[in-house]
Ligand code: NDP
């Protein structure tokens with residue numbers, strides 16, 4: 001699979017160009033370990049050029065558009081994304097190893113973000129505020145200016161959609177630094193945005209290393225907002241860089257999200273969600289339901305049913321579209337295997353097998369269910385970011401809440417129970433940015449505000465809430481007597 005554009009170039013000011021250093025980095029197919037393309041190794045000079053182009057766009061044609069005109073561009077872009085669905089899905093599957101069905105779902109989500117924010121662009125309004133005699137007071141929602149977007153490799157298209165979609169709808173000009181392991185669909189998106197009529201400079205893409213292009217973007221004094229999705233360690237660096245320039249930052253840093261199953265739950269309904277929330281995208285999901293908390297009286301029953309499901313999961317190269325593809329990189333595989341090595345044999349309740357004959361260079365890891373584990377064990381506390389779930393028993397509601405809230409994270413939680421009162425009580429008591437009652441993830445829910453508490457980060461993306469994050473509020477007080 002080769003992209004329809006030259007992936008070794010940067011997209012700056014509406015045109016393709018080589019990076020200042022002229023250096024490139026390999027693009028590896030995680031299903032085979034083979035190099036199939038090169039991307040630019042963008043650096044500080046390229047980020048400078050991208051920010052300059054974005055600033056000029058704000059002062060020029062992009063800044064002059066009405067909200068409705070911005071929205072129409074995003075709606076056209078949504079259609080163009082769908083027109084290129086097959087190519088985008090194959091590109092993503094080859095680049096990051098996600099099974100084709102998942103890659104196609106990501107394309108649909110990207111189109112839906114463009115549709116949602118295209119429709120929302122001219123719906124964001126200010127307020128009039130009753131004040132003293134002789135005054136009229138109102139508020140204006142204004143773009144920050146140049147926004148910096150640092151996205152990871154696990155859901156590139158979805159995260160581009162939620163972040164760039166909201167930023168463009170509200171009139172910002174964006175500089176995007178995709179993860180070095182996942183640049184292709186970001187470049188494709190910029191090309192399609194240009195085809196949709198986005199003025200030059202409104203969206204610029206600078207691939208490269210996080211420590212070079214990423215760090216340069218976070219440190220740039222003309223970037224007025226930063227949004228970051230990724231690890232806690234890098235998130236801290238981004239927040240420190242943002243503090244240096246006093247700019248707001250949205251951080252989405254993953255989690256160790258609990259799925260809480262009470263004895264009165266409908267297990268037939270819950271089971272597919274419980275498994276899928278852990279193994280979707282080979283577990284490389286910020287909102288993965290990686291901790292399954294089960295009421296003790298049904299522990300053995302659920303353990304047996306989960307084990308049967310997990311042992312039967314299929315693994316294959318991304319284009320063969322099994323339930324799991326490879327992990328994104330050899331590095332990520334080593335991280336996950338390092339975690340698995342911490343489990344004793346009696347803690348491995350179930351493990352699928354990696355079939356023989358898969359390409360040797362692929363980063364395949366068998367999905368695994370771990371049990372007989374204390375809630376404070378490192379495997380039950382840390383984000384593994386692979387297809388590994390832990391099963392932990394609890395006694396009652398209080399116990400469930402204590403275990404569920406007992407990590408440093410707080411991104412998502414789910415409650416499986418037939419008791420409506422219990423659902424409401426837990427929805428209030430759980431530390432999480434999203435709580436799902438008798439479901440998990442609400443099928444991605446482009447419309448639903450998303451973000452975390454604690455080490456899962458702060459700020460909200462998705463839905464209308466992101467439009468507030470990507471704007472600053474100005475109060476105008478007119479004294480007219
Ligand atoms: P990182 O947090 O390091 O990477 C996320 C993004 O940040 C990438 O675009 C990366 O670029 C960029 N980046 C890296 N260093 C800097 C820097 N100093 N300044 C600015 N940007 C930077 O995650 P990793 O890819 O290293 O993955 C490690 C772990 O992070 C995973 O095992 C997982 O636990 C977690 N993670 C969580 C994600 C989530 O959705 N919450 C997503 C991805 C990872 P580049 O990749 O080019 O270095």
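Every residue gets a Cβ built from N, Cα and C, even glycine.
Curation does not apply to TrEMBL; its annotations are automatic.
Positions annotated as active site by TrEMBL: 252. Taken from TrEMBL, the feature domain 'Aldehyde dehydrogenase' covers 16-476.
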Including all protein chains shown, what's the count of other C-beta atoms within 10 A of the C-beta of residue 252 (active site)? 29
Averaged across the domain 'Aldehyde dehydrogenase' (16-476), what pLDDT does the model get? Just tell me the whole number, please. 98
Which three-state DSSP class does the residue listed as 'active site' fall into? strand
